[in-house]
Amino acid sequence: MALLLEGTSLARKVREELREQISSIKSVDPYFNVSLKIIQVGGREDSNVYVRMKTRAANEAGISCEHVNFPEDITEYDLLLAIKGFNEDPTVHGIIVQLPLPAHINEQIITEAVAPEKDVDGFCETNLGKLTKREGQPLFTACTPKGIMCILKHYGINVQGKHAVVIGRSNIVGRPMSILLEKANATVTLCHSKTESIADIVRTADIVVAAIGIPHFVKADWLKKGVVAIDVGINSIPDATKKSGYRLTGDIDFENAKEVASAITPVPGSVGPMTVAMLLQNVVESAVRFRKMSRKRKPTLLPLKLQTPVPSDIEIARSQTPKNIGDLASEIGIAKSELEFYGSHKAKVNLEILQRLAHRRDGHYVVVTGITPTPFGEGKSTLTAGLVQALSNLDKLAIACVRQPSQGPTFGIKGGAAGGGYSQFIPMEEFNLHLTGDIHAITAATNLLAAAIDTRMFHENTQSDAALYKRLTLVKGNKREFAPVMFRRLKKLGIDKTNPEELTEEEQRKFARLDIEPSTISWNRTLDVNDRFLRKITIGENPTEKGFTRQTGFDLSVASECMSVLALATDLKDMRERLGRMVVASNKSGEPVTADDLGVGGALTVLLKDAIKPTLMQTLEGTPALVHAGPFANISIGASSILADRIALKLAGTEVDEDAKKEAGYVVTEAGFASDIGMEKFFNIKCRTSGLKPDAIVIVATVQALKLHGGGPPVGPGKPIPEVYKREDVDLVRKGCANLAKHISNARKYGLPVVVAINKFSSDSPNEISAIREEALAAGATDAVDSNHWAEGGKGALGVARALINACENVDSEFRLLYDVHEPIEKKIEIIAKEMYGADGIELSPLAKERLETFTKQGYNNLPICIAKTQYSLSHDPDLKGAPTNFTVPIRDMRLSAGAGFIYPLAAAISTIPGLPTKPAYYNIDIAENGDIVGLS
């Protein structure tokens, strides 16, 4: 009597082991989950039985299994779309398609559509093809052959040197079975229904695997004594003794064969349960593999071809072939489904990624600021690019978060903002120009709101209360209705009614008339071009406007409050609320008028629905960068978005069982201007809003800039650089370090370690650099290191990177804000002026006092402060260099950004739309016949 190779108990053992494996991983990583999708089309009862069996087994093993049942008439196209979605979903680890499919759907096309890394059936050409190679490493092996090999091993049946005959040549069983036996050193003969003298061939076999799908195809007299018989077949034959009228049998004549064979598998109860068990094993293997890959997250560095002298920025950028952005995304753990591609080298990242990675602890958060800016340029953006490249060279995942530059300066005098030398963001032409159109969306939203303001005043001035109310509440069918956005205004007015017919005449008047006071309108139109002649204009001159003219102006698009909202929004809902509460004017009673009062808040959000998603790009060395938002640094926060930072921090973050300090990656972002402006706003506005806590500060300084702050002669665009800036002068550098020391002091007030990066130029001497280092350390910096990233890329900034790693991993910090928002407005301004600028105090003009009273009366007194002042001095006076003292900051006016969520006092006249110089940068910009842009810098 043959040994019964029973598989039911073995399959149960496999499921128990899988459950234990999953539980073991969950004990250290509670967020680990194993997910299987079973796709079925139609409702065949035999398919339903198999699906229920697989689902039950999956649940027993601790696997999350979803049965996705599509209707019988689903199109092949729609089925392929569904599979594509599961392929791209990083939370799905295995996909199986329950066969057969309806006749109108091509099974080959559908099964091949399953991604190889999720093909847990092991059916696809990639996995089968790799299996056939001698050294092939398929991601998955077909479940039935894998289960048979497991049965043979469990029962101690040695196949090495034996002659195995496999009957059946399907891609599911026969072919992969023959390969597995051959790889186990058996000699294999593959037969099929057309094989001649098949009985004679089978009689030579030590092992027979029958998988031909014909009941009792293999007769007992075909088998030699002591053969091992593996029966894969499961066939239904009539049996009057059974309640169902049929019974299941295999491809081998079991009752007679068991008298000849030494071992045989029963049907059912052996190969079937093990097939399902191996399917589950494949799913768990896939989940473990995905988990391992999700923790790897290390981009491959692109090599640099350094040249001396260093070529132009655009030459360097064009000499590097960027990675395909999808490949870079995959390297850092962004799923394809979480991307919206804009060509090959940039893609928007969907905000849903934050939900998937919500369990991760944040990576290290670093802000780059600088000393007080000079016409030389200190190179914060270049340092940001070089630093993330350097961190990547040290095997740390590093992501840059930077602002999208405005086209105004690009075509004006400043040029682009993609970094420089061998520390750039690429493709630099796309970075500096339209990118993904976010700034154009800001322009459209801002101008729509401006149009809504003037249009509303026009219609209120030309219609009666009744006519205005009637037109605002148009009839749908035979019923008058409020538009959904109107309920926000009704709530603001305290009118708790939903039917327009129920409002009293007074309520109708209050609802319909905004009564905007034209002199209080603070909302300008925008464009992304420097144009001084649009600073002050008159609108409404056409006769069709019936004499309703007013003076207004244009701002640069990045100066719009919409851009500030984009930078400070924490999600789509938050952006909608912020846009709706933007104050554009006051009414004639002194009450604020908002975008939602105008009914345009929702439309603004629609225009910005894509702009809210950060754009993934890369540095020259192929490290990731998230480019998003670009608000002014004087009248706004001067930093990239909260959402970009949050996404980057999760991508660079750690799982619960990883070392949160040693294994975390780095997010390096930049604050505009210096510590007194950009950094102060970054902490007190951006971090206050986001709740994120930075780990370290990098202050960028240069020898030339410190000489200017030490009393060196003034410099300006187009003028020769005085000789003192080209020769060694250690004393002048030390005097200028008073400015650096003040910025270090400012930074230390937030409880964070400070690393000074000395941006190196060829004219700098070792003595000058040593002097800066000494002064920086004396002022409280954790470290001060020179950096040559402009000429050498990431390797040139390794010293700064190592100092930063030490500061984040080994130096204690306790982040704190500078002031409590519940302090009076004047007190908050005074704290900033004294602590950040070194002032003795502040002085409010009568207009500023009037604004202060208005904002307090309107309920905006608990907002943070965003002082607009010159960037060229720690004080309000651009001519005061170094670290001035004994001065009072005059506050000439105050403005409100209610949507963005801050008040910005004006300590200087700030131009919100620059002009163009005599020779703008556009003189140098052109395009070659092959489409290459030339002259962009």
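Cβ from N, Cα, C; glycine included.
What you are looking at is a predicted structure, and each value in this text was computed from that prediction instead of being measured.
Listed in Swiss-Prot for this protein:
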type	residues	note
REGION	1-309	region 'Methylenetetrahydrofolate dehydrogenase and cyclohydrolase'
BINDING	Tyr50, Val51, Arg52, Met53, Lys54, Val97, Gln98, Leu99, Pro268, Gly269, Ser270, Val271, Gly272	substrate binding site
BINDING	Gly168, Arg169, Ser170, Ser193	NADP(+) binding site
REGION	310-937	region 'Formyltetrahydrofolate synthetase'
BINDING	Thr374, Pro375, Phe376, Gly377, Glu378, Gly379, Lys380, Ser381	ATP binding site
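Ranking the binding-site residues Gly168, Gly272, Gly377 by other CB atoms within 10 A of the CB puts Gly377 at the bottom. Averaged over the region 'Formyltetrahydrofolate synthetase' (310-937), the predicted model reaches a pLDDT of 96. In sequence order, Ile167, Val173, Gly174, His192, Ala211, Ile212, Gly213 are the residues of the same chain, not among Gly168, Arg169, Ser170, Ser193, whose CB sits within 8 A of the CB centroid for the NADP(+) site. Following the DSSP three-state reduction, the secondary structure of Lys380 (ATP binding site) is helix.
Using Cα positions, the member of the binding-site residues Pro375, Phe376, Gly377, Gly379 nearest to Gln98 (substrate binding site) is identified as Gly379.
The Cβ neighbour count for Gln98 (substrate binding site), using a 10 Å radius and every protein chain shown, is 21.
When the C-alpha distances from Tyr50 (substrate binding site) to the binding-site residues Ser170, Ser193, Lys380 are tabulated, the minimum falls on Ser170.
Fewest Cβ neighbours within 10 Å among the binding-site residues Ser170, Ser193, Ser270, Thr374, Ser381: that distinction goes to Ser193.
It is Arg52, among the binding-site residues Arg52, Lys54, Lys380, whose Cβ has the fewest other Cβ atoms within 10 Å in the structure shown. Cβ environment of Phe376 (ATP binding site): Thr702, Gln704, Ala705, Leu708, Val715, Tyr725 lie under 8 Å away, each six or more residues apart in the same chain. Secondary structure from DSSP puts Lys54 (substrate binding site) in a helix.
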